[in-house]
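Colleague: Take a look at the following structure, please.
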Amino acid sequence: MAGGNWTRVEEFILLSFSSLPTKVQSLLFLTFLIIYLVTLMGNSLIILVTLADPMLHSPMYFFLRNLSFLEIGFNLVIVPKMLGTLLAWDTTISFLGCATQMYFFFFFGVDECFLLATMAYDRYVAICSPLHYPAIMNQRTRAKLTIASWFPGFPVATVQTTWLFSFPFCGTNKVNHFFCDSPPVLKLVCADTTLFEIYAIVGTILIVMIPCLLILCSYTRIAAAILKIPSAKGKHKAFSTCSSHLLVVSLFYVSSSLTYFRPKSNNSPESKKLLSLSYTVMTPMLNPIIYSLRNNEVKNAFGRTFRKVLGLINCIP
(Lines of atoms letter the chains of each structure in order from A; the text may use other names.)
(Lines give C-alpha, C1' and ligand atoms only; values in the text may rest on other atoms or scores of the structure.)
Protein backbone atom coordinates (compact mmCIF):
# COMPACT_ATOMS: atom_id res chain seq x y z
CA MET A 1 0.00 0.00 0.00
CA ALA A 2 1.38 3.39 -1.02
CA GLY A 3 0.38 6.84 0.26
CA GLY A 4 -2.94 8.56 -0.51
CA ASN A 5 -5.25 6.68 -2.87
CA TRP A 6 -2.47 4.78 -4.63
CA THR A 7 -2.82 1.03 -4.28
CA ARG A 8 -0.56 -1.82 -5.20
CA VAL A 9 -2.68 -3.62 -7.79
CA GLU A 10 -2.23 -7.38 -7.67
CA GLU A 11 -4.86 -8.28 -10.27
CA PHE A 12 -7.10 -6.77 -12.93
CA ILE A 13 -10.68 -7.58 -13.91
CA LEU A 14 -11.31 -7.95 -17.64
CA LEU A 15 -14.81 -6.63 -18.37
CA SER A 16 -14.74 -8.26 -21.80
CA PHE A 17 -18.33 -8.40 -23.13
CA SER A 18 -20.00 -8.34 -19.67
CA SER A 19 -22.42 -5.60 -20.78
CA LEU A 20 -24.10 -8.08 -23.14
CA PRO A 21 -26.88 -10.50 -22.05
CA THR A 22 -25.77 -13.93 -20.84
CA LYS A 23 -27.30 -15.71 -23.86
CA VAL A 24 -25.37 -13.46 -26.24
CA GLN A 25 -22.15 -14.12 -24.32
CA SER A 26 -22.77 -17.88 -24.58
CA LEU A 27 -23.30 -17.53 -28.33
CA LEU A 28 -20.08 -15.50 -28.62
CA PHE A 29 -18.26 -18.19 -26.63
CA LEU A 30 -19.32 -20.92 -29.07
CA THR A 31 -18.50 -18.73 -32.08
CA PHE A 32 -15.04 -17.76 -30.84
CA LEU A 33 -14.29 -21.32 -29.72
CA ILE A 34 -14.99 -22.60 -33.25
CA ILE A 35 -12.90 -19.78 -34.76
CA TYR A 36 -10.09 -20.54 -32.28
CA LEU A 37 -10.02 -24.24 -33.15
CA VAL A 38 -10.17 -23.51 -36.90
CA THR A 39 -7.29 -21.02 -36.49
CA LEU A 40 -5.08 -23.50 -34.65
CA MET A 41 -5.90 -26.32 -37.06
CA GLY A 42 -5.55 -24.22 -40.23
CA ASN A 43 -2.22 -22.65 -39.29
CA SER A 44 -0.86 -25.95 -37.95
CA LEU A 45 -1.76 -27.64 -41.25
CA ILE A 46 0.02 -24.90 -43.20
CA ILE A 47 3.16 -25.49 -41.10
CA LEU A 48 3.00 -29.28 -41.45
CA VAL A 49 2.24 -29.32 -45.19
CA THR A 50 4.93 -26.76 -46.09
CA LEU A 51 7.44 -28.85 -44.10
CA ALA A 52 6.31 -32.24 -45.45
CA ASP A 53 5.87 -31.42 -49.15
CA PRO A 54 9.15 -30.90 -51.09
CA MET A 55 7.29 -28.75 -53.65
CA LEU A 56 6.66 -26.15 -50.94
CA HIS A 57 10.26 -25.72 -49.79
CA SER A 58 10.63 -22.40 -51.61
CA PRO A 59 11.30 -19.09 -49.76
CA MET A 60 7.66 -18.00 -50.16
CA TYR A 61 6.40 -20.94 -48.12
CA PHE A 62 9.25 -20.63 -45.63
CA PHE A 63 7.94 -17.16 -44.75
CA LEU A 64 4.34 -18.40 -44.84
CA ARG A 65 5.32 -21.02 -42.27
CA ASN A 66 6.70 -18.26 -40.05
CA LEU A 67 3.47 -16.29 -40.46
CA SER A 68 1.39 -19.31 -39.44
CA PHE A 69 3.57 -19.89 -36.37
CA LEU A 70 3.17 -16.22 -35.46
CA GLU A 71 -0.62 -16.38 -35.87
CA ILE A 72 -0.81 -19.42 -33.56
CA GLY A 73 1.17 -17.53 -30.91
CA PHE A 74 -0.96 -14.41 -31.34
CA ASN A 75 -4.14 -16.47 -30.88
CA LEU A 76 -2.85 -18.35 -27.83
CA VAL A 77 -2.04 -15.05 -26.11
CA ILE A 78 -5.54 -13.56 -26.53
CA VAL A 79 -8.31 -16.08 -27.14
CA PRO A 80 -8.13 -18.66 -24.26
CA LYS A 81 -8.48 -15.94 -21.59
CA MET A 82 -11.26 -14.25 -23.57
CA LEU A 83 -13.19 -17.54 -23.74
CA GLY A 84 -12.90 -17.85 -19.97
CA THR A 85 -14.29 -14.36 -19.39
CA LEU A 86 -17.25 -15.02 -21.67
CA LEU A 87 -18.37 -17.92 -19.50
CA ALA A 88 -17.45 -15.98 -16.34
CA TRP A 89 -15.09 -18.77 -15.22
CA ASP A 90 -12.52 -16.22 -14.17
CA THR A 91 -12.62 -12.62 -15.31
CA THR A 92 -9.56 -11.73 -13.24
CA ILE A 93 -6.00 -11.68 -14.49
CA SER A 94 -2.96 -11.23 -12.26
CA PHE A 95 -0.71 -8.17 -12.51
CA LEU A 96 2.07 -10.34 -13.96
CA GLY A 97 -0.40 -12.18 -16.21
CA CYS A 98 -1.69 -8.89 -17.63
CA ALA A 99 1.86 -7.63 -18.24
CA THR A 100 2.81 -10.94 -19.90
CA GLN A 101 -0.25 -10.89 -22.14
CA MET A 102 0.46 -7.30 -23.19
CA TYR A 103 4.14 -8.10 -23.81
CA PHE A 104 3.40 -10.95 -26.21
CA PHE A 105 0.56 -9.02 -27.85
CA PHE A 106 3.05 -6.26 -28.74
CA PHE A 107 5.73 -8.80 -29.65
CA PHE A 108 3.58 -10.76 -32.13
CA GLY A 109 1.84 -7.63 -33.46
CA VAL A 110 5.11 -5.83 -34.26
CA ASP A 111 6.67 -8.95 -35.75
CA GLU A 112 3.66 -9.50 -38.02
CA CYS A 113 4.10 -6.00 -39.49
CA PHE A 114 7.73 -6.69 -40.38
CA LEU A 115 7.13 -10.27 -41.53
CA LEU A 116 4.45 -9.08 -43.97
CA ALA A 117 6.99 -6.56 -45.33
CA THR A 118 9.55 -9.36 -45.72
CA MET A 119 6.99 -11.46 -47.61
CA ALA A 120 6.28 -8.50 -49.91
CA TYR A 121 10.02 -8.21 -50.66
CA ASP A 122 10.11 -11.93 -51.43
CA ARG A 123 7.28 -11.49 -53.97
CA TYR A 124 9.11 -8.47 -55.46
CA VAL A 125 12.28 -10.51 -56.05
CA ALA A 126 10.29 -13.48 -57.43
CA ILE A 127 8.39 -11.37 -59.99
CA CYS A 128 10.94 -8.68 -60.87
CA SER A 129 14.06 -10.90 -60.87
CA PRO A 130 12.81 -14.45 -61.48
CA LEU A 131 16.10 -15.72 -62.93
CA HIS A 132 18.11 -14.50 -59.93
CA TYR A 133 15.42 -15.39 -57.35
CA PRO A 134 17.02 -18.67 -56.10
CA ALA A 135 20.42 -16.99 -55.76
CA ILE A 136 19.09 -13.87 -54.02
CA MET A 137 16.67 -15.64 -51.68
CA ASN A 138 19.11 -18.33 -50.61
CA GLN A 139 19.04 -20.01 -47.21
CA ARG A 140 21.35 -17.45 -45.62
CA THR A 141 19.28 -14.51 -46.89
CA ARG A 142 16.08 -16.13 -45.65
CA ALA A 143 17.60 -16.60 -42.19
CA LYS A 144 18.70 -12.93 -42.06
CA LEU A 145 15.29 -11.68 -43.19
CA THR A 146 13.54 -13.91 -40.66
CA ILE A 147 15.72 -12.62 -37.80
CA ALA A 148 15.14 -9.05 -38.99
CA SER A 149 11.38 -9.71 -38.94
CA TRP A 150 11.25 -11.34 -35.51
CA PHE A 151 13.75 -9.09 -33.69
CA PRO A 152 11.86 -5.72 -33.57
CA GLY A 153 9.17 -7.21 -31.34
CA PHE A 154 11.61 -7.73 -28.44
CA PRO A 155 12.70 -4.10 -27.78
CA VAL A 156 9.28 -2.62 -28.55
CA ALA A 157 7.39 -5.04 -26.29
CA THR A 158 10.00 -4.79 -23.51
CA VAL A 159 10.11 -0.97 -23.39
CA GLN A 160 6.37 -0.37 -23.74
CA THR A 161 5.26 -3.07 -21.28
CA THR A 162 7.93 -2.34 -18.64
CA TRP A 163 7.29 1.42 -18.82
CA LEU A 164 3.50 1.10 -18.57
CA PHE A 165 3.53 -1.35 -15.65
CA SER A 166 6.05 0.77 -13.73
CA PHE A 167 3.33 3.42 -13.24
CA PRO A 168 1.23 3.44 -10.03
CA PHE A 169 -2.39 2.28 -10.35
CA CYS A 170 -5.27 3.56 -8.28
CA GLY A 171 -9.06 3.44 -8.05
CA THR A 172 -10.72 0.72 -10.10
CA ASN A 173 -8.79 -2.26 -11.45
CA LYS A 174 -11.38 -3.00 -14.14
CA VAL A 175 -9.97 -3.16 -17.69
CA ASN A 176 -12.72 -2.38 -20.19
CA HIS A 177 -11.51 -4.82 -22.83
CA PHE A 178 -11.26 -8.57 -23.45
CA PHE A 179 -7.45 -8.52 -23.10
CA CYS A 180 -4.75 -6.31 -21.58
CA ASP A 181 -4.28 -3.77 -24.35
CA SER A 182 -2.31 -0.60 -23.66
CA PRO A 183 -5.05 2.12 -23.91
CA PRO A 184 -7.58 0.59 -21.45
CA VAL A 185 -4.84 -0.32 -18.93
CA LEU A 186 -3.34 3.17 -19.26
CA LYS A 187 -6.66 4.67 -18.09
CA LEU A 188 -6.12 3.06 -14.67
CA VAL A 189 -2.77 4.80 -14.09
CA CYS A 190 -2.50 7.48 -11.39
CA ALA A 191 0.38 9.52 -12.78
CA ASP A 192 1.29 11.84 -15.62
CA THR A 193 1.50 9.62 -18.71
CA THR A 194 2.04 12.36 -21.31
CA LEU A 195 5.56 11.26 -22.23
CA PHE A 196 4.51 7.62 -22.44
CA GLU A 197 1.53 8.50 -24.67
CA ILE A 198 3.77 10.51 -27.03
CA TYR A 199 6.20 7.59 -27.20
CA ALA A 200 3.33 5.14 -27.81
CA ILE A 201 1.82 7.24 -30.62
CA VAL A 202 5.16 7.89 -32.35
CA GLY A 203 6.21 4.27 -31.89
CA THR A 204 2.94 2.92 -33.29
CA ILE A 205 3.14 5.21 -36.33
CA LEU A 206 6.73 4.16 -37.05
CA ILE A 207 6.03 0.45 -36.51
CA VAL A 208 3.04 0.59 -38.85
CA MET A 209 4.41 3.03 -41.44
CA ILE A 210 7.93 1.62 -41.99
CA PRO A 211 6.74 -1.89 -42.99
CA CYS A 212 3.77 -0.36 -44.83
CA LEU A 213 6.07 1.84 -46.94
CA LEU A 214 8.28 -1.17 -47.70
CA ILE A 215 5.19 -3.12 -48.79
CA LEU A 216 3.94 -0.23 -50.95
CA CYS A 217 7.39 0.14 -52.55
CA SER A 218 7.56 -3.60 -53.30
CA TYR A 219 4.07 -3.71 -54.81
CA THR A 220 4.62 -0.54 -56.85
CA ARG A 221 7.57 -2.24 -58.52
CA ILE A 222 5.63 -5.50 -58.83
CA ALA A 223 2.76 -3.67 -60.55
CA ALA A 224 5.19 -1.98 -62.95
CA ALA A 225 6.79 -5.35 -63.78
CA ILE A 226 3.41 -7.05 -64.34
CA LEU A 227 2.25 -4.29 -66.69
CA LYS A 228 5.32 -4.94 -68.87
CA ILE A 229 4.37 -8.59 -69.38
CA PRO A 230 2.92 -8.85 -72.93
CA SER A 231 0.46 -11.74 -72.50
CA ALA A 232 -2.71 -11.63 -70.39
CA LYS A 233 -1.97 -15.16 -69.16
CA GLY A 234 1.48 -14.11 -67.98
CA LYS A 235 0.03 -11.09 -66.17
CA HIS A 236 -2.58 -13.25 -64.45
CA LYS A 237 0.01 -15.83 -63.38
CA ALA A 238 2.32 -13.14 -61.97
CA PHE A 239 -0.51 -11.42 -60.09
CA SER A 240 -1.84 -14.70 -58.68
CA THR A 241 1.50 -15.37 -56.94
CA CYS A 242 1.08 -12.27 -54.75
CA SER A 243 -2.73 -11.83 -54.53
CA SER A 244 -3.01 -13.93 -51.35
CA HIS A 245 -0.33 -11.92 -49.58
CA LEU A 246 -1.89 -8.64 -50.74
CA LEU A 247 -5.26 -9.68 -49.32
CA VAL A 248 -3.71 -10.71 -45.97
CA VAL A 249 -1.82 -7.39 -45.77
CA SER A 250 -5.01 -5.44 -46.49
CA LEU A 251 -6.96 -7.27 -43.78
CA PHE A 252 -4.26 -6.74 -41.16
CA TYR A 253 -3.50 -3.09 -41.85
CA VAL A 254 -7.08 -1.92 -42.36
CA SER A 255 -8.33 -3.54 -39.13
CA SER A 256 -5.37 -2.44 -36.97
CA SER A 257 -5.40 1.11 -38.40
CA LEU A 258 -9.12 1.51 -37.73
CA THR A 259 -8.51 0.41 -34.13
CA TYR A 260 -5.51 2.58 -33.22
CA PHE A 261 -5.74 5.60 -35.52
CA ARG A 262 -9.40 6.57 -35.13
CA PRO A 263 -10.15 9.89 -33.35
CA LYS A 264 -10.86 9.37 -29.64
CA SER A 265 -14.27 11.02 -30.03
CA ASN A 266 -15.30 8.21 -32.41
CA ASN A 267 -13.59 5.45 -30.48
CA SER A 268 -15.97 4.08 -27.81
CA PRO A 269 -14.77 1.05 -25.77
CA GLU A 270 -17.42 -1.18 -27.34
CA SER A 271 -16.53 -0.22 -30.92
CA LYS A 272 -12.83 -0.74 -30.17
CA LYS A 273 -13.57 -4.23 -28.84
CA LEU A 274 -15.35 -5.12 -32.08
CA LEU A 275 -12.51 -3.74 -34.20
CA SER A 276 -9.94 -5.53 -32.05
CA LEU A 277 -11.71 -8.82 -32.76
CA SER A 278 -10.99 -8.36 -36.47
CA TYR A 279 -7.19 -8.55 -36.14
CA THR A 280 -6.87 -10.64 -32.95
CA VAL A 281 -9.43 -13.33 -33.81
CA MET A 282 -10.63 -13.11 -37.42
CA THR A 283 -7.42 -12.36 -39.34
CA PRO A 284 -5.41 -15.29 -37.85
CA MET A 285 -8.25 -17.60 -38.92
CA LEU A 286 -8.58 -16.13 -42.42
CA ASN A 287 -4.87 -16.20 -43.31
CA PRO A 288 -4.54 -19.99 -43.79
CA ILE A 289 -7.93 -20.08 -45.55
CA ILE A 290 -6.84 -17.35 -47.99
CA TYR A 291 -3.52 -19.05 -48.74
CA SER A 292 -5.24 -22.43 -49.16
CA LEU A 293 -8.16 -21.40 -51.36
CA ARG A 294 -6.29 -18.89 -53.54
CA ASN A 295 -3.12 -20.92 -54.05
CA ASN A 296 -3.14 -24.02 -56.27
CA GLU A 297 0.27 -25.17 -55.02
CA VAL A 298 -0.97 -25.27 -51.42
CA LYS A 299 -4.22 -27.01 -52.43
CA ASN A 300 -2.31 -29.62 -54.43
CA ALA A 301 0.13 -30.10 -51.53
CA PHE A 302 -2.78 -30.69 -49.15
CA GLY A 303 -4.05 -33.37 -51.55
CA ARG A 304 -0.66 -35.08 -51.83
CA THR A 305 -0.12 -35.01 -48.06
CA PHE A 306 -3.63 -36.34 -47.40
CA ARG A 307 -3.07 -39.23 -49.83
CA LYS A 308 0.27 -40.02 -48.17
CA VAL A 309 -1.39 -40.13 -44.74
CA LEU A 310 -4.17 -42.40 -46.08
CA GLY A 311 -1.54 -44.66 -47.64
CA LEU A 312 0.32 -44.95 -44.34
CA ILE A 313 -2.93 -45.73 -42.51
CA ASN A 314 -3.80 -48.45 -45.03
CA CYS A 315 -0.37 -50.02 -44.57
CA ILE A 316 -0.99 -50.50 -40.85
CA PRO A 317 -2.01 -54.15 -40.28
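Cβ from N, Cα, C; glycine included.
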Colleague: Looking at 103-123, 145-165, which one is transmembrane segment according to TrEMBL?
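Modeller: Here TrEMBL associates transmembrane segment with the stretch 145-165.
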Colleague: I need to check the long-range neighbours of the transmembrane segment (274-293): which residues 6 or more away from its ends have a CB within less than 8 Å of a CB in the stretch?
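Modeller: Sequence-remote neighbours of the transmembrane segment (274-293) are 32, 35-36, 38-39, 42-43, 45-46, 64, 67-68, 71-72, 74-75, 78-79, 177-179, 181, 244, 247-248, 251-252, 255-256, 258-259, 299, 302.
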